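Annotated in Swiss-Prot:
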- ASP8: active site (ACT_SITE)
- GLU67: active site (ACT_SITE)
- ASP139: active site (ACT_SITE)
- ASP8, ASP139: Mg(2+) 1 binding site (BINDING)
- GLU67: Mg(2+) 2 binding site (BINDING)
Amino acid sequence: MSIILGIDPGSRITGYGVIRQVGRQLTYLGSGCIRTKVDDLPSRLKLIYAGVTEIITQFQPDYFAIEQVFMAKNADSALKLGQARGVAIVAAVNQELPVFEYAARQVKQTVVGIGSAEKSQVQHMVRTLLKLPANPQADAADALAIAITHCHVSQNAMQMSESRLNLARGRLR
């Protein structure tokens, strides 16, 4: 059993999603947004750090998964996003959590089956996969999708390792 915290970073709204994985079974534990309503960036970063730390304390995850930085058209926005990611990662590292990063395209490909999927498609698939009563808020859905991606990637990696081990032992399944 593993608990995975997914983070969709943003300097104004940071989405989070927490799921439990037991084998192939995924269970929704919680999700939401850390909203930073203050204007100055250092205060927003402090709120993100405190919010992520509080979520880690509440849910005690085993793994921390976060969206990678993408190339933005606006350099200022990209820098702020990078700083928001940084404080979220520091919160995880301070709690000694292993950190995994996934590209947005990989997350969409894993959850929806199309790397260029729209936000509404991600919300719908997250709702379906986790058997939620309604679509989660967009940032929370993205964070849950990141956590789901981590589950699939880590499970596939374990299966490949087992296959390699069996091959090395002369057994093919």
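Positions of Cβ are set from backbone N, Cα and C atoms, glycine also.
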Query: In sequence order, what residues of the same chain, 6+ apart, have a Cβ less than 8 Å from the Cβ of GLU67 (active site)?
result: ILE7, ASP8, PRO9, ARG85, GLU101, TYR102, ALA103, ALA104, VAL107, ASP142, ILE146
- prompt: Once near-sequence residues are set aside, which residues in the chain of ASP139 (active site), 6 or more away, have Cβ atoms under 8 Å from its Cβ?
  reply: ASP8, GLY10, ILE13, THR14, GLY15, CYS33
